[in-house]
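Features as listed in Swiss-Prot:
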| type | residues | note |
| --- | --- | --- |
| BINDING | HIS70, HIS72, HIS240, ASP315 | Zn(2+) binding site |
| BINDING | HIS70, HIS72, HIS240, ASP315 | Fe(3+) binding site |
| BINDING | ARG79, TYR142, HIS175, GLN243, THR320 | 4-imidazolone-5-propanoate binding site |
| BINDING | TYR142, ASN317, GLY319 | N-formimidoyl-L-glutamate binding site |
Amino acid sequence: MRCDRVWINARLATLAPGRQGLGIVEDGVVACLGGRIAYAGPAAAAPTFEAAESIDVDGRWITPGLIDPHTHLVFAGDRAHEFELRLAGASYEEIARAGGGIVSTMRATRAASEAELIAAALPRLDALLAEGVTTVEIKSGYGLSLDDELKSLRAARALADIRRVGVTTTFLGAHALPPEYRDDEDGYVDLVCQTMIPAIAARGLADAVDGFCEGIGFSPAQIRRVFDAAKAHGLPVKLHAEQLSNLSGAALAAEYNALSADHLEHLDAAGIAAMAASGTVATLLPGAYYFTRETLVPPIAALRAAGVPMALATDCNPGTSPLTSPLLVMNMAATLFRMTVEECLAGVTREAARALGLLADRGTLEAGKACDLAIWDVERPAELVYRMGFNPLHARVWRGL
């Protein structure tokens with residue numbers, strides 16, 4: 001078999017559906033041709049390769065490249081001072097009334113140029129890449145005007161031209177109410193549905209549409225309007241749901257066959273059943289749970305029992321999860337949410353790909369999929385979940401390079 005390069009003497013965690021557990025292959029080989037996996041499996045069953053390059057990984061573990069399916073990487077400014085205020089006892093509402101919160105980030109993002117947003121996002125992206133991330137989802141949602149949302153999405157797309165990484169973009173105009181619409185919520189939803197979504201779809205700048213369904217965000221009726229507009233323009237949807245309260249957002253998302261419903265601390269049985277029926281992925285965000293000192297854990301056992309796929313993400317954002325470590329996310333999911341090692345590793349690979357609608361293309365080590373790999377200096381895959389403040393990444397491979 002002709003191939004561009006082959007990795008030999010490897011241990012594989014393929015995460016392939018149908019294989020038991022992590023899909024472990026103790027003496028494995030991965031071969032790449034044209035940026036796609038040509039073979040991933042036991043050396044004993046491998047064809048004879050005619051490879052331009054052969055790489056001996058000396059018994060290291062190879063997993064699919066990690067995928068971060070929920071981030072807000074593109075923003076300007078920071079909210080460290082608000083963190084200090086919260087530690088001193090100020091409530092989120094008090095900080096918001098004083099001009100902080102999402103509106104603070106909105107002001108900084110609006111004031112920044114596209115080039116400045118790219119420059120600010122690069123260190124955050126680089127931190128993800130340093131831990132094996134090969135695909136990242138990036139949301140808008142800090143511009144909250146047509147021009148600034150377009151600017152944010154262009155900046156997110158530009159990151160894929162600067163770094164070797166896959167980027168998917170999500171329009172999150174229904175994130176918060178900008179000050180100029182303080183007394184006209186439905187007027188802002190009109191803007192999102194009638195102006196922003198058509199303009200963004202026409203430019204091909206978004207791969208999906210998201211919303212924040214909460215008492216401090218947007219109502220289910222308003223989110224339904226956003227979803228209808230998204231569907232009218234051929235865009236799949238996803239939703240921040242049940243983070244702070246239960247507004248049945250997950251069930252609403254499932255009604256629209258959403259790719260994912262995210263957060264889910266307050267998810268109920270009806271929402272779980274709806275997600276299971278629609279195949280909507282539960283994207284869990286333990287960093288936000290930790291940082292906001294939430295006490296209600298997402299219903300992991302019920303999600304597991306219902307067969308709802310569970311993805312994990314950093315939720316990197318300046319207000320509630322200033323986190324750029326998928327390895328720490330896995331540890332948090334195991335320790336705080338009681339997820340298994342297998343669930344954690346699947347959550348940042350296979351199920352993360354599923355949450356982005358990309359499972360046919362990446363997220364597992366299978367022939368035909370993108371040759372996105374993470375090669376690790378560990379003795380067993382559980383170390384990736386078990387250890388904290390530890391980065392054993394040996395090499396990151398994107399599209400075979």
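Each Cβ is built from the backbone N, Cα and C atoms, and glycine gets one as well.
Shown on the structure are the features that Swiss-Prot records.
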residue	record	CB count, 10 Å
HIS72	Zn(2+) binding site	28
ARG79	4-imidazolone-5-propanoate binding site	22
TYR142	4-imidazolone-5-propanoate binding site	30
HIS175	4-imidazolone-5-propanoate binding site	25
HIS240	Zn(2+) binding site	31
GLN243	4-imidazolone-5-propanoate binding site	27
ASP315	Zn(2+) binding site	27
ASN317	N-formimidoyl-L-glutamate binding site	25
GLY319	N-formimidoyl-L-glutamate binding site	22
THR320	4-imidazolone-5-propanoate binding site	22
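Cα proximity to ARG79 (4-imidazolone-5-propanoate binding site) (within 10 Å) is found for the following binding-site residues from HIS70, HIS72, ASP315, GLY319: GLY319. The Cβ of HIS70 (Zn(2+) binding site) lies under 8 Å from the Cβ of GLU137, LYS139, SER260, ASP262, THR283, LEU285, ALA311, ALA313, THR314, ASP315, ALA355, each of these being in the same chain and 6 or more residues away along the sequence.
A 10 Å radius around the C-alpha of ASN317 (N-formimidoyl-L-glutamate binding site) takes in none of the binding-site residues listed as HIS175, HIS240, GLN243. Cα to Cα, THR320 (4-imidazolone-5-propanoate binding site) and HIS72 (Zn(2+) binding site) are separated by 11 Å.
When the Cα positions of ARG79, TYR142, HIS175, GLN243, THR320 are compared pair by pair, the longest gap among these 4-imidazolone-5-propanoate-binding residues is 20 Å. In this structure, the C-alpha atom of HIS72 (Zn(2+) binding site) lies 10 angstrom from that of GLY319 (N-formimidoyl-L-glutamate binding site). For the recorded site, TYR142 (4-imidazolone-5-propanoate binding site), the DSSP three-state label reads coil. Closest in space to GLY319 (N-formimidoyl-L-glutamate binding site), of the binding-site residues given as TYR142, HIS240, GLN243, is TYR142, taking the CA atom of each residue. According to DSSP, GLN243 (4-imidazolone-5-propanoate binding site) sits in a coil region rather than a helix or strand.
In sequence order, THR71, LYS139, ASP262, HIS263, LEU285, ALA288, ALA313, CYS316, ASN317, SER321 are the same-chain residues whose CB sits within 8 A of the CB centroid of HIS70, HIS72, HIS240, ASP315, the residues recorded for Fe(3+) being left out. The separation of HIS175 (4-imidazolone-5-propanoate binding site) from HIS240 (Zn(2+) binding site), Cα to Cα, is 9 Å.
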